[in-house]
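Annotated features in Swiss-Prot:
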type     : residues : note
ACT_SITE : Lys175   : active site, proton acceptor
ACT_SITE : His294   : active site, proton acceptor
MOD_RES  : Lys14    : N6,N6,N6-trimethyllysine
MOD_RES  : Lys201   : N6-carboxylysine
SITE     : Lys334   : site 'Transition state stabilizer'
Amino acid sequence: MSPQTETKASVGFKAGVKDYKLTYYTPEYETKDTDILAAFRVTPQPGVPPEEAGAAVAAESSTGTWTTVWTDGLTSLDRYKGRCYHIEPVAGEESQFIAYVAYPLDLFEEGSVTNMFTSIVGNVFGFKALRALRLEDLRIPPAYSKTFQGPPHGIQVERDKLNKYGRPLLGCTIKPKLGLSAKNYGRAVYECLRGGLDFTKDDENVNSQPFMRWRDRFLFCAEAIYKAQAETGEIKGHYLNATAGTCEEMIKRAVFARELGVPIVMHDYLTGGFTANTSLAHYCRDNGLLLHIHRAMHAVIDRQKNHGMHFRVLAKALRMSGGDHIHAGTVVGKLEGEREITLGFVDLLRDDFIEKDRSRGIYFTQDWVSLPGVLPVASGGIHVWHMPALTEIFGDDSVLQFGGGTLGHPWGNAPGAVANRVALEACVQARNEGRDLAREGNEIIREASKWSPELAAACEVWKEIKFEFEAMDTL
């Protein structure tokens, strides 16, 4: 018998199953500055005590398994195990509580969102003792965040590259999202950029389909960008979607975009995966490309209140993995987003230091130290009447993206772009003059429409459009 086995036997190893809380529920534990902290919304099965359910989450997302094993004696569980260190009830819910879990930093590979999520939101979400489980927030310590490159460039470098300051950036998703030929697609891009937008965008569905192969799209969009730049004197861009079936193909598309000299590419980071996204972010930093991120598939993960993962966690993960823009809801448009919660994760994307604020869904103080910020993108069902609210809610460091709100203009794409640019400039000027955008927004738009026929036509078309549904993402 080996000495290690004898040592294990000598301390009284007993095969079988024991309660998780005996090992993984440690209310006396004082968290370390280097711990990754998680807040889980836990809904246990009937008869499962909160302490046992919280400890089970800590165990199954770190070192634990369903039974006692011999090899526990070959390592130091106290050093590596996750710990449920605090439990609190959820207001208004009888059978729900928030379990706070601390994870030692050594459990995670440096610079890998993939590895972090494999542990924290892995098999534990299928655990039978739980009816539902949702990861509400993570605290990423500087000791871990410093192992990530983060966004390829960040907010200030992007503004310097584009030479655009003092206002939100304007964008437009080209519609119809599928079915256009590359040449007609490029024409729409040119018209929108020529009309005054800063960016146009591939829809997340657009990769390389039979009706429009990626290389053709890239070429016609590059032509549109350079023509619009020459005519306006402004730097323009189009989010060329490099998302592909393999990482190698994705990088090949990004290389071609760089060779064309365009400023920005795009990636669907959830469907593409964090490993692919981090690889593309590294390529973009090394080669001077901005990186726009779409969050297609996020609602599958984050929309249910009791199970899954809140978008603020996905937003933090994106800042670590890398992206210069990410879609973040609108508050006022057709897509999900309650104001205070949305502003909470918008701050987590942009700011260096964010204090704990439960009224905005922020469970932990987050210090990003030197990790660059990400521009939030407001997109989905917005039009010129929303411009004052969007400018007031999101501020200058944002991208306001009007797809149908540009291309649906009765006079065409270029007038639609003109209407949005005039509305934005009017709102920024009014704000800078001290006017209240929340209270005077409609009047500001009406005043501007008197000297912009394009804006007047847009105001008439969308004056009755509303999306009046309650947000599901509430505290």
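Placement of Cβ uses the backbone N, Cα and C atoms for every residue, glycine included.
Feature annotations (Swiss-Prot) mapped to structure.
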| residue | record | CB count, 10 Å |
| --- | --- | --- |
| Lys175 | active site, proton acceptor | 16 |
| Lys201 | N6-carboxylysine | 28 |
| His294 | active site, proton acceptor | 28 |
With H, G and I counted as helix, E and B as strand and the rest as coil, say where DSSP puts Lys175 (active site, proton acceptor).
-> coil
In Å, rounded, how far does the Cα of His294 (active site, proton acceptor) sit from the Cα of the residue listed as 'N6-carboxylysine'?
-> 10
Between the C-alpha atoms of Lys201 (N6-carboxylysine) and Lys175 (active site, proton acceptor), the distance in angstrom, to the nearest integer, is 10
